[in-house]
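S.K.: Straight from TrEMBL, here's the annotation block:
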{"type": "DOMAIN", "residues": "40-289", "note": "domain 'Nucleoside phosphorylase'"}
{"type": "BINDING", "residues": "ARG80, ARG124, ILE125, GLY126, THR127", "note": "phosphate binding site"}
{"type": "BINDING", "residues": "GLN203, ARG205", "note": "substrate binding site"}
Amino acid sequence: RENFIHLCNPHLEKMKEDILYHFALGTGTHDFPTLFGDVKFVCVGGSPSRMKAFIAYIAEELGLGSPGCDYPNICAGTDRYAMYKVGPVLSVSHGMGIPSISIMLHELIKLLYHAKCSDITIIRIGTSGGIGLEPGSVVITRQSVDATFKPQLEQVVLGKTVIRSTNLDEQLAKELMQCSKEIGQFNTVIGNTMCTLDFYEGQGRLDGAICLYDEEEKLQYLKNAYESGVRNIEMESSVFAAMCNLSGVKAAVVCVTLLNRLEGDQITSSHDVLVEYQQRPQKLVGYFIKKSLRKV
């Protein structure tokens, strides 16, 4: 049963019903195996609208939907997260930052377990700030590192510090890289991703409401990050990697860079350019799913 989701929580077996509160779903009110048992690919991203756009895109790519078809939000009973499904693909929003994606992942992993899903691949698609890369480059994460460049998630549980690994599936990263080469439409690299607790000071920006360091200190920090192997910065990858590792799920992080942080802090590209950038992880992951299903 190694290819099935496994839960690191013996207490769940004693529960008569499991209520996934932030999804507005529960084992007592919904038939999880019927609703989700055929899921093989789960794609998660911050924005509900982006994940709805992704499910429409993948439906068309897989020939499972008609243009303009509307896909209902499975989590319509809550405004915390949005969830969409077509065929074997589930698309879920996770909000912004480690706390938000952590809550979502606890309930998503339990959902997949209750649905008796197997051979699951989970991929986070999103945006990020690049380091030493042209804007629009796509980064496939080798490992997520913290703000001190260590490949770990430090979490306090019952007052004690717990350290968890943030490595991601090496073979999956290579497969995604090969897919990008076959597409041949944009620059893609495999590198480390720095996961921070904040968008401003935590990422060394000079344009927040509070900043008590100078530009030289900022640039030296970012150069040190680059030299350690970091190629982009975002705010979710560490807990994503750690939780997928503990649950035995193949996982990857695929993020486009919206700017090169060595050249500035503010995103100045036009709306149309940013929209095209944001579609690049979707195209790459969509191609990967099609290839995995032998539809390329």
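Here the Cβ of each residue, glycine as well, is placed from N, Cα and C on the backbone.
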S.K.: Just how many other Cβ atoms lie inside 10 Å of the Cβ on THR127 (phosphate binding site)?
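M.R.: Counting Cβ neighbours of THR127 (phosphate binding site) within 10 Å gives 21.
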S.K.: How big is the gap, in Å, between the Cα of ARG124 (phosphate binding site) and that of GLN203 (substrate binding site), rounded to a whole number?
M.R.: 20
S.K.: What whole-number Å value do you get for the CA-CA distance of GLY126 (phosphate binding site) and ARG205 (substrate binding site)?
M.R.: 20
S.K.: What whole-number distance in angstrom separates the two most remote CA atoms of the phosphate-binding residues ARG80, ARG124, ILE125, GLY126, THR127?
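M.R.: Taking every pair among ARG80, ARG124, ILE125, GLY126, THR127, the longest Cα gap is 20 Å.
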S.K.: Counting Cβ atoms within 10 Å across all protein chains shown, which of the binding-site residues ARG80, ARG124, ARG205 comes out on top?
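M.R.: The largest 10 Å Cβ neighbour count belongs to ARG124.
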S.K.: So how many other Cβ atoms are close to ILE125 (phosphate binding site), meaning within 10 Å of its Cβ?
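M.R.: Counting Cβ neighbours of ILE125 (phosphate binding site) within 10 Å gives 27.
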S.K.: Out of ARG80, ILE125, THR127, the binding-site residues in the record, which is closest to ARG205 (substrate binding site) when you go by Cα distance?
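M.R.: Closest candidate to ARG205 (substrate binding site), judged by Cα separation, is THR127.
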S.K.: Ten-angstrom check, please: count other Cβ atoms within 10 Å of the Cβ of GLY126 (phosphate binding site), all chains counted.
M.R.: 22
S.K.: For GLN203 (substrate binding site), what is the tally of other C-beta atoms lying within 10 angstroms of its C-beta?
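M.R.: If we count other Cβ atoms within 10 Å of GLN203 (substrate binding site), we arrive at 23.
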S.K.: Of the binding-site residues ARG80, ILE125, THR127, which one has its Cα closest to the Cα of GLN203 (substrate binding site)?
M.R.: THR127
